[in-house]
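The next block holds one structure in the form of structure tokens; read it before the comments.
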Amino acid sequence: MIHLSAALRIVFVVVLMALPGFGGVAAQETLDYDKWRLQADRAEEAIEFGRASDMAMEALRSHLVQWRGTFDQARTKQQISTDTLEAQLKALGPVPEDGEPEDAAQLRVELTERLAKSRAPTRRAELAFAEAEELIHAVDGVLRARQTDALMQKGPSPLNPLHWTGAFQEFSNTFMHVVNEVKTSWAYQARRYEIVENLPKMVFYLVLAAVLLWRGRFWTERLMRQVQQTEMSAGRWLVAFAVSLGYILLPLAGVYALIEAIYATDLAGLRGDRLLSKVPEAALIFLLTVWLGQRMFPKVVQSNHFLRLSEARRAEGRFDTFLIGLVLATNEIFKILGRFDIWSVEARGIIFFPLIVLAGLLMLRIASLLGAYLTQEREEERPDRSYGYQVIQTITRFYQICAVVGIALAITGFTRASEAIIFPAILSVQWIAFVFMLTRFLSHIAALLQGRKDSSESLIPVLIALVLATISLPILALIWGARVADITEIWTKLARGLSIGQTTISPQDFVIFLAVFGLGYGITRLLQKTMRVTILPKTRLDIGGQNAVVSGIGYVGIFLAAMIAINNAGIDLGSIALVAGALSVGIGFGLQTIVSNFVSGIILLVERPVSEGDWIEVAGQMGYVRDISVRATRIETFDRTDVIVPNADLVTGQVTNYTRGNTVGRVIVPVGVAYGTDPRRIEKLLLEVANAHPMVLATPAPYVVFQGFGASSLDFEIRAILRDVNWVLSVRSDMNFEIARRFAEEDIEIPFAQTDIWLRNPETLARGRAETKPSNEPKHKVRVVPEILSQETDPMAMSVADMDGGDSDAGGDGGDGGDR
């Protein structure tokens with residue numbers, strides 16, 4: 001038997017080895033570790049001495065990243081071969097105590113040797129990968145240290161006039177170099193001939209640029225006046241948004257036409273070419289800033305605009321954003337000029353100082369405008385201030401702090417640190433405003449596709465804002481000085497995944513999980529709808545049973561979808577089982593009520609003692625069951641209020657179900673008549689009333705019960721079976737109306753409660769009244785008759801002995817006696 005099992009294992013291993021991709025170490029692409037060694041040594045030298053420029057260090061880092069990716073792929077591929085050999089050894093099983101056949105032992109030795117050989121390249125690739133990882137981190141550290149040193153670099157104060165002359169000289173030399181390049185180009189006769197040849201092209205571009213730059217804004221303004229309104233639907237808002245893009249696109253096209261006209265002259269030299277290449281970017285920054293200002297502080301305010309400011313304040317906001325756009329564009333031009341001519345620290349601080357101060361003052365003016373809005377909101381004392389209020393409050397304080405700190409740093413000579421605060425702060429707020437506009441744009445598109453006029457009440461804007469906020473994180477990081485390499489490094493780490501024990505969860509696994517789970521969830525919902533609409537209505541199940549089947553399909557489908565999604569994502573279910581086992585103690589103690597209600601909900605769906613649509617009474621609450629969920633059941637009372645009852649109360653408590661199985665029920669109508677009325681006559685009349693009602697069943701027939709002799713009446717009850725007990729109140733009301741009408745026709749008296757008053761000492765009451773009369777009133781003789789005063793309207797009035805110390809039996813039944 002032992003030899004047979006060993007033979008089967010050998011056959012299984014041989015089959016595995018014969019399959020494609022199995023059976024030993026796959027041919028791996030040979031890595032040139034000698035070349036890597038040279039690259040690593042060069043990187044270590046550059047890191048140690050620190051003489052390489054930032055651009056060289058970035059290029060070096062790029063090479064290291066490529067090597068790291070190569071080593072990562074190599075160790076991953078090699079690991080597949082290693083896992084295959086380990087699976088083959090596992091298939092052989094442990095060595096039997098009494099030995100194993102020679103061929104099995106030989107195969108085990110062969111697999112062990114091949115496994116050792118397979119692990120060697122994997123270890124070498126892992127070591128090289130770790131070395132590349134450390135070198136990349138070291139390069140990042142060097143670049144980050146240089147960036148920090150540049151920010152902390154201190155120059156002389158720009159307010160010191162001793163340095164103004166030198167700074168002005170460097171600044172003027174930069175522009176003179178550009179002018180000299182143009183003069184040099186003009187000095188060549190061939191260039192002049194080329195200008196003449198390109199004159200038509202140059203004139204065309206100049207005319208086009210003049211038209212677009214001069215008239216483009218007016219054309220856009222005219223169209224905006226036609227489409228803008230105080231109240232705009234989603235479609236009209238989108239049209240206005242598209243038209244407003246003319247403020248950007250038309251002038252930007254004019255700038256490109258102007259640059260083409262300049263290039264047609266072929267007079268731009270090296271510096272001029274660098275400057276012209278930067279002009280479109282600067283123009284785009286300026287135009288975007290102006291456009292955002294017009295959208296944030298519009299001339300025509302919509303009713304739902306979040307910044308409710310006066311017309312003068314809005315005009316001030318548009319002017320301030322116009323100036324901010326000029327400052328940002330000029331800053332971009334100055335940066336490219338200073339980088340090309342390498343301005344000194346003193347000159348750079350003085351040249352950029354006016355831009356920094358002007359930008360800081362404009363930030364304070366914008367903060368003042370936003371502060372006016374916040375003051376207006378506070379004066380209204382609205383308790384439900386929107387989330388936008390909190391955002392604007394944060395932006396206002398952020399602007400004020402950054403402006404003050406930035407100007408202070410610029411005055412003290414920390415020009416780069418001031419730039420790193422002022423301009424990123426402005427760009428960050430502009431990006432937030434742009435994201436806000438983009439959110440509204442996409443939300444209105446969604447509303448238009450859904451056929452809605454407004455998207456404010458939809459969840460879609462929230463989801464869009466969440467996605468855009470996530471996308472904004474790396475962009476904001478780049479604005480505040482992060483390198484592209486920093487962002488890519490973070491993404492690389494995220495792509496590798498988060499390791500929890502032996503399980504690694506990567507974004508790819510998460511996307512696979514969402515895709516598979518979403519597919520399973522959609523199939524489950526489709527199956528539920530098919531069962532509810534097509535299949536279950538053709539069965540004999542009642543509505544409650546159909547709902548129970550549909551709910552059960554939903555629970556099972558979602559559970560299976562989750563399990564399949566976890567398995568396809570590569571997540572180890574064994575690790576999840578361990579975590580679930582560790583959490584079971586906490587669930588048992590802290591979540592026992594929730595678990596109890598969950599189990600009770602499953603019991604309700606399986607046993608169905610209560611179904612949707614049933615009329616039940618539980619814990620003093622009566623109404624119709626409208627929904628049975630996993631945790632609780634919703635009951636709609638007759639007052640049209642919802643009562644949420646935990647499922648455990650329905651399973652463990654006492655529940656009265658008035659319509660379980662059928663809707664047949666009993667109605668009881670109490671009736672009282674005066675003493676002296678013939679009881680048989682009353683019985684006959686009440687039976688006629690009951691039998692005449694269409695809701696009363698003929699079988700079993702209704703009957704009348706003579707309950708007894710009440711304090712003021714002869715008490716009867718109509719007891720009848722209704723075909724639908726849900727109409728019990730209407731039936732009782734109809735019978736009472738009919739009984740009142742028939743009694744009036746038959747002169748039958750319906751008594752009311754009576755009380756006899758007996759005075760034991762009327763003489764004392766009369767004497768006391770005479771003594772309390774005022775002395776100025778004329779005295780009259782009072783004749784007190786010592787008789788017993790009584791109010792007797794009933795021949796069956798009680799005597800003094802019947803009072804029994806004041807105890808009495810109140811008349812009436814005080815209720816309807818029950819509904820069934």
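Here the Cβ of each residue, glycine as well, is placed from N, Cα and C on the backbone.
According to TrEMBL, the features are:
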- 123-172: domain 'DUF3772' (DOMAIN)
- 199-216: transmembrane segment (TRANSMEM)
- 237-259: transmembrane segment (TRANSMEM)
- 350-374: transmembrane segment (TRANSMEM)
- 395-414: transmembrane segment (TRANSMEM)
- 420-438: transmembrane segment (TRANSMEM)
- 459-482: transmembrane segment (TRANSMEM)
- 510-527: transmembrane segment (TRANSMEM)
- 548-566: transmembrane segment (TRANSMEM)
- 578-606: transmembrane segment (TRANSMEM)
- 593-660: domain 'Mechanosensitive ion channel MscS' (DOMAIN)
- 668-750: domain 'Mechanosensitive ion channel MscS C-terminal' (DOMAIN)
- 791-820: region 'Disordered' (REGION)
- 808-820: compositional bias 'Gly residues' (COMPBIAS)
Integer average pLDDT (0 to 100) for the domain 'Mechanosensitive ion channel MscS C-terminal' (668-750): 90
Considering the transmembrane segment (199-216), which listed stretch of 237-259, 395-414, 420-438, 459-482, 510-527 counts the most C-beta pairs under 8 Å: 237-259
Sequence-remote partners of the transmembrane segment (459-482) [C-beta within less than 8 Å, at least six residues beyond its ends]: 147, 420, 424, 427-428, 431-432, 435, 438-440, 442-443, 446-447
Tally of DSSP helical, extended and coil residues in the domain 'DUF3772' (123-172): 41 helix, 0 strand, 9 coil
Residues of the parent chain within Cβ reach of the transmembrane segment (420-438), under 8 Å, 6 or more residues beyond its termini: 151, 241, 288-289, 292, 295-296, 324, 328, 331, 356, 359-360, 363, 391, 395, 398-399, 402-403, 405-407, 409-410, 465, 468-469, 472, 475-476, 479-481
Chain residues outside the transmembrane segment (510-527) and at least six past its termini with a C-beta under 8 angstroms from it: 553-554, 557-558, 560-562, 564-566, 568-571
Remote residues contacting the transmembrane segment (548-566) - C-beta distance under 8 A, at least 6 residues beyond either end: 512-514, 516-517, 519-521, 523-525, 527-528, 531-532, 536, 541, 573, 576, 602, 605-606, 608, 611, 628, 630
